[in-house]
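Peer 1: First, the structure itself, so that you have it in front of you.
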Amino acid sequence: MLNVVILAAGLGKRMQSDLPKVLHTLAGRPMLDHVIGSARQLQPARIIVVVGHGADRVKAAFEGLPGLQFALQQPQHGTGHAVQQAVPQLLEGDGEDDVTLVLYGDVPLVQPATLQNLLQARGRGVAVLTEVLADSTGYGRIVRDAQGQVCRIVEHKDASEAERAIKEVNTGILAAPTARLKDWLGRITNDNAQGEYYLTDVIGLAVGDGVPVGAAQPGASWETLGVNSRVQQAQLERAWQSELARRQLEAGVTLADPARFDVRGTLSCGRDVFIDVGCVFEGTVTLGDGVRVGPHCVLRDVAVQAGARIEAYSHLQQAKVGQEAVVGPYARLRPGADLGERSHVGNFVEIKNSVLQADSKANHLAYIGDADIGARVNVGAGTITCNYDGVNKHRTVIEDDAFIGSDTQLVAPVRVGKGATLGAGTTLTKDAPAGQLTISRARQSTIEGWKRPVKKS
């Protein structure tokens, strides 16, 4: 039976923020959410988050998730003291297979595969996740015996000069038999330079009890990087985005510049996708085969089908784009926009909660809201569907092959029949019959002999 304890009680003073440190984001998600996500992939019996500073805000952000519980550390007296607060909630089954994995809410990118390796390295004993660093300043050192076995971990402030020369460091992440961990946590002391209860002291206790201590290393160095400042947060953000870019490149996506590419959710791409510079992908985004995304676009929870083009500076949110459709430049698709195949939505066109069927076009300067637009419809520049009466929204229906002249207002609820034409400048307040020209502008007249006024002296 696997328990996961995530330490998330820290103040995060160096972040210079009122927001609890573990709620600061990485790739659009709270750091703690990344850790919980990795832990869930191990299918633990229980996840216990130890909270302290900003406990109510942290709990509010995650409360209600199945299998997730909270323990309060108040005040904070070190990592060992933090895990002690979770002890009453640890589950135990048949004994030997009961294990507790300790993770950190501010070390957000440790991957499930690395954690699986750590659990395997444990055998029937304890395992720690270690890293070899060129500069190990500030880290706890891994001390090994003459046989190369881990015998203890010494914190930097308590280390001798010889120990400080060690390059293998403790990441803080460990796995231990649950029953023994409970015993060791009851035996650790705060007799150290910091006056705190160190979780790392359980390693020395394990060795003293004859329990083997194994070690595993992460698949990549960025997996064990922690965040204690805005600088470190920014550095880790770039490291993670670089990794996400690498994965897309290896999957066959062309990125104009991998250093100017941001994913803040999940991005799934087909074959031969091209993504230009400065694009941001949020939520769940799917790009079909041959899709091209121009520079500086933002796509949030969007599905784009094969062969479509999203031109520069377009913003799409909760929208669908059909095959070979063209969006932009400078277009905005709001929630509920659904574009059919080969449809065109051009510059400064906004579409919300509307369907635009195959081969229809709104190429310039239009607002289409709460509308059902058929196939092969042309929407002229300056067209507005007037969908809101101040209280309720109303729908506009434009049937197949209709032609909407420029500078037209359609006051919903209203219907334009199949093949109908609306003359430029029309304000439509009643249904327009199929196949007919409907026009409502005033008749043009010329006033002969009219003179412009002149400025009085």
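Heads up, residue numbers simply count up from 1 along the chain you see.
From the backbone N, Cα and C atoms, a Cβ is placed for every residue, glycine too.
Taken from Swiss-Prot, the feature active site, proton acceptor covers HIS364, and the record attributes it to sequence analysis. Residues or ranges marked as UDP-N-acetyl-alpha-D-glucosamine binding site in Swiss-Prot: 7-10, LYS21, GLN73, 78-79, 104-106, GLY140, GLU155, ASN170, ASN228, ARG334, LYS352, TYR367, ASN378. What Swiss-Prot lists as region 'Pyrophosphorylase' is 1-230, and the listing cites sequence analysis. Per Swiss-Prot, the feature region 'Linker' maps to 231-251; the stated evidence is sequence analysis.
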Peer 1: Could you give the Cα-Cα distance between ARG334 (UDP-N-acetyl-alpha-D-glucosamine binding site) and HIS364 (active site, proton acceptor), in whole Å?
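Peer 2: Just about 17 Å between their Cα atoms.
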Peer 1: Taking each of the binding-site residues GLY10, GLY78, GLY105 in turn and counting other Cβ atoms within 10 Å of its Cβ, which one has the fewest?
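Peer 2: Least crowded of the binding-site residues GLY10, GLY78, GLY105, by Cβ count within 10 Å, is GLY78.
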Peer 1: Based on DSSP, tally up the residues of the region 'Linker' (231-251) by helix, strand and coil.
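Peer 2: Result for the region 'Linker' (231-251), in helix, strand, coil order: 20 helix, 0 strand, 1 coil.
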Peer 1: Expressed to the nearest Å, what is the distance separating LEU7 (UDP-N-acetyl-alpha-D-glucosamine binding site) and HIS364 (active site, proton acceptor) at their Cα atoms?
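Peer 2: Checking the Cα atoms of LEU7 (UDP-N-acetyl-alpha-D-glucosamine binding site) and HIS364 (active site, proton acceptor) gives a distance of 53 Å.
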Peer 1: I want to check the contact list for GLU155 (UDP-N-acetyl-alpha-D-glucosamine binding site): same chain, sequence separation of six or more, C-beta distance under 8 angstroms. What comes out?
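Peer 2: In sequence order, the residues whose Cβ lies under 8 Å from that of GLU155 (UDP-N-acetyl-alpha-D-glucosamine binding site) (at least 6 apart) are GLY140, ASN192, ALA193, GLN194, TYR198, THR200.
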Peer 1: Within its own chain, what residues at least 6 apart in sequence put their Cβ under 8 Å from the Cβ of ASN378 (UDP-N-acetyl-alpha-D-glucosamine binding site), listed in sequence order?
Peer 2: SER360, LYS361, ALA402, PHE403, ILE404
Peer 1: Taking just the CA atoms, what is the gap between GLY105 (UDP-N-acetyl-alpha-D-glucosamine binding site) and the residue listed as 'active site, proton acceptor' in Å?
Peer 2: 48
Peer 1: Provide the number of Cβ atoms within 10 Å of the Cβ of ARG334 (UDP-N-acetyl-alpha-D-glucosamine binding site), excluding the reference atom itself.
Peer 2: 17
Peer 1: Give, as a single whole number between 0 and 100, the mean pLDDT over the region 'Pyrophosphorylase' (1-230).
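Peer 2: The answer is 94, the mean pLDDT of the model over that range.
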